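A.B. asks: I have a structure I would like to understand better, so I am pasting it below and will then ask my questions one at a time.
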Amino acid sequence: MKIFSVLSFVFIYCLSTVLGYTIVDGSLKIGKDAIHFGEIETQEVKQLSIDQSTEKIEVQLKLKDDFKKSPNQLVVTISDGKGLVVPYFPRFSIDNKEVKLTIPLKNIPEKLKAQEKVYVTFVAGDQSNNVQLSKLLAELRPSGELTASYKRVERFGTKPEIHHVFGEDPKTVNPIVPIVFSAVGAVALLILLVSWKITIGSDMLGLASHIVKSNPLANVGFLLSLAGYEYVFIQYYLNTSIFKTLLHGFILAVPSIYFGSRVLRTLHQYHKTGRA
């Protein structure tokens, strides 16, 4: 029974050697340390260490086959054995039947270098003759420095509560707004004084006295409304909001228009009689 088991193993090994790719010679080097491979397969998986001083991982393999073209699939993978696999594609020489690959340490993802151990695997295959080879070349053990330097990226899970502080409502408008309002008011006052001087002439004070005496209620109301506007503007400059300023301005507009129209009507009558 034992003889039959041994013969079966030898037969299967010979058949796989004929039908599949075989590594005749090769090595995996990390600095001065190296692992060598031969045609005789062993179950032992050798280990190498990598640290921050490691610059690169060099893989050089020689295959046994009559190659007329490069295999369809030729790849060296580094994985953590839990689903994270990173492929690297080596150069292949048909004449020498050699596979060469250099992997700089900086090209290996930080998450792989943070694992306790990672695996280097060589995979070769060809769809035309349905042959393939998958061989675990080495087990790499990252140093504590590489593991400690890795910062895990938070992707899913409970996140800290977001607190947003909303800014307060603006108490005043842009400074250009009151400047424009003041300029418009100054220009309007200047136009008013010039127009009075042109229409009334030099007897402005005497005419004003006659107008006030003829309709005192309208004149007092009009002057009080103008004083109210001055008060509103002064309060605005004392940090009253623009919205309250506009509200008070609209309220004062009613008596200003009413009493102002009465004053202007009296002035018009004086103008018709030639006294203005």
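Cβ coordinates are placed from backbone N, Cα and C, and glycine is handled just like the others.
The signal peptide annotation in TrEMBL covers 1-20. Taken from TrEMBL, the feature domain 'Ribophorin II C-terminal' covers 166-268. Per TrEMBL, the feature transmembrane segment maps to 176-196, 217-234, 246-264.
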A.B. asks: If you average per-residue pLDDT over the domain 'Ribophorin II C-terminal' (166-268), what number do you get?
C.D. replies: 80
A.B. asks: For the domain 'Ribophorin II C-terminal' (166-268), what are the DSSP-based totals of helix, strand and coil residues?
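C.D. replies: Its residues fall into 85 helix, 0 strand, 18 coil.
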